[in-house]
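*Asks:* Take a look at this one; I'll ask things after.
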Amino acid sequence: MAEGSHERWGSQTEYLLSCLGYAVGIGNIWRFPYLCYRNGGGAFLIPYFLTLVICGIPLVYLETTLGQFASAGCISVFNINPLFKGAGYAVVVLNIIAIIYFAAIMSYPLLYIFHSFTTPLPWQSCGNSWNTNRCTEINSNSTVNATIGLMRTPEDEFFHIRLLQASPSIHEIGGIVWPVLWCNLICWLLVYLCICNGVKSVGKIVYFTVLFPYVVLFALFVRGVTLPGAIQGILYFILPDWTQLKKPKVWADAATQIFYSLGPGWGGLVSMASFNKFHYNNLRSSIIIPIVNSGTSVWAGFVVFSVLGFAADRAGVPVDQVATAGPGLAFVTYPAAVSLMPAPNFWAVTFFVMLFFLGIDTMFVTIEAVIAGLLDEYPKLRHRRKLITLLTCVALFGISIICNTKGGLHVIGLLDAHVAIACVPTVCAMEIIAAVYTYGQDKMSVDVLFMTGRPLRRFWLFLWRYILPVILSVITVYSLREASGIAGWSVALASVICIPMYAVRTIYMSRGPIIQRVRENCRANSKWGPAENEVRLRWETFRNKTSRDLPLLPTNYGP
């Protein structure tokens, strides 16, 4: 049981918006639409939504249930199985690595916002000092039939040459790109000011930072579908290629996208749920959040591919030759489309402000997951929260400077491709083992009944116990196949190594035979349970009273 008071949301709307801001991010814009197109268009939606139902929603429900019940962050939540607490520290390391490169990415929209006040937009044409002889303009009055591989658009050269001064490879890190560094610093200052007071400040800010991007996305959708060639792009996005469903990688990509987007295994959901009122019914929000997130991804796909269709129409090439994924989509393809709209400066500022807000919400929760996890595990530090938050932001800013160099984009690519492939599915699997197997589904059912007043249905237990372990195993196998080189494997295992290290330490510090030590440390310790003393006493009474009736509980699990 945690010492001291635990923060609470001002309202459950704040919780819902914070979780949506965490789940709905830049990946909805630059990752999902390309994955959908590459993996069979409309056919990809079948494994995607199926995975959402049998994997995404159950994991969100499990994590928010554990976090809310124990009012615990990503580390202390493993008091349910102390042997696995290393997974909590792995999540902290995972988020630290992720925020290092994500903060650098968030400096790019700020740079674009600054340059968007220039007339004409600096990426609209060739002939600038940074352009090469390969630069080729594509506009509404010209059709380019040149080989795409031999030309570079002004948008591409502005991003890679003018803004990032990108080096040829990761082996050439180069010096610091100072404009990127200053924007990175501004980003961290804004983050600190927004989270220094914990959920009290975050809960108010998300009303704007979460809802505003939807307004902009709607405006971009309306503009996108009215562009010439938009229908061609949308058809590429939605027309199904059923043969793709025969490929295991398509199903693995669908499941992986759920992890990247919803955030199970990252600690953010556990952390946000820990600030809920104890008796809040979290099931409804655990369904709403994934559905809204996935709906946003599909909606963003229409916005993206309407623009890609327009770009392909102007270039006189098929859509698949202009479709890209990752930063190139957000910082090359979209600026190209924005520059062709009426009042391009206005739309450019609006679009990049939207991108910034989409990412900043994710940063809020990611950093909060790290801080809340540490403060819950070491509650004596809570009265120094502002200082801990400041030191955390300063340290992470210092480390993130490596992504502000000329080779920073390559570092970002390396970290983004490897940081989560081993840790996230492993942490999710350990949460399931801890909650359903070692703690026990009967105790879990009693806890949910006490917390929400409603029994835990068999549907969730079946998915947690039998389906999810299989899916997580498949995701892990296919994800690790993407790892490459010593650097890639080092990034992938940097967080996971905390799990065996902590387990060995825990067993070593215990007494008795090895088997006995393992069994003892797989049992929930005395700190597991509701954090508030009054609620904890009622829970212990309820648990003791109900334990005699456990064999009868499953009959009440129906709808």
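Cβ atoms are placed via backbone N, Cα and C, with glycine included.
Grabbed the feature section from TrEMBL, which reads as follows:
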- 15-32: transmembrane segment (TRANSMEM)
- 44-61: transmembrane segment (TRANSMEM)
- 67-84: transmembrane segment (TRANSMEM)
- 91-114: transmembrane segment (TRANSMEM)
- 173-193: transmembrane segment (TRANSMEM)
- 205-238: transmembrane segment (TRANSMEM)
- 287-312: transmembrane segment (TRANSMEM)
- 346-375: transmembrane segment (TRANSMEM)
- 387-407: transmembrane segment (TRANSMEM)
- 419-439: transmembrane segment (TRANSMEM)
- 459-480: transmembrane segment (TRANSMEM)
- 486-504: transmembrane segment (TRANSMEM)
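Context for these features, please: burial, neighbours, distances.
*Replies:* Long-range contacts of the transmembrane segment (67-84) within its own chain (CB-CB distance under 8 A, at least 6 residues past either end) are made by residues 2, 6, 91-92, 267, 269-276, 278, 280, 282, 369, 372-377, 430-431, 433-435, 438-439, 447-448, 451, 499, 503, 506-507, 518, 521-525, 527-532.
Within the chain, the transmembrane segment (287-312) has long-range Cβ neighbours (under 8 A, six or more residues past its boundaries) at 16, 19-20, 23-24, 28-29, 32-34, 36-37, 45, 48-49, 52, 56-57, 60-61, 138, 214, 217, 220-221, 224-225, 227-237, 257-258, 261-262, 318-319, 321-323, 329, 333-334, 336-337, 340.
Taking Cβ pairs closer than 8 Å, the transmembrane segment (387-407) reaches residues 96, 99-101, 103-104, 107, 164-167, 169-177, 180-181, 184-185, 188, 191-192, 195-196, 367, 370-371, 374-375, 381 in its own chain, all 6 or more past its ends.
Sequence-remote contacts of a segment are chain residues at least 6 beyond its ends whose Cβ falls under 8 Å from one of its Cβ atoms, and for the transmembrane segment (419-439) they are 59, 62-63, 66, 77-78, 80-81, 84, 87, 90-91, 93-94, 97-98, 101, 259-260, 264-266, 461, 464-465, 468-469, 472-473, 475-476, 479-480, 482-483, 491-493, 495-496, 499, 522-524.
Proximity of distant same-chain residues to the transmembrane segment (486-504), defined by a Cβ-Cβ separation under 8 Å and at least 6 residues beyond the stretch ends, is recorded for 83-87, 89-91, 93-94, 97, 170, 414-415, 417-419, 421-423, 426, 430, 480.
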*Asks:* Please work out whether the transmembrane segment (346-375) lies in contact with the transmembrane segment (15-32), by counting C-beta pairs under 8 angstroms that are 6 or more apart in sequence and asking whether there are at least 3.
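*Replies:* Answer yes: the transmembrane segment (346-375) meets the transmembrane segment (15-32) with 3 or more Cβ pairs below 8 Å.
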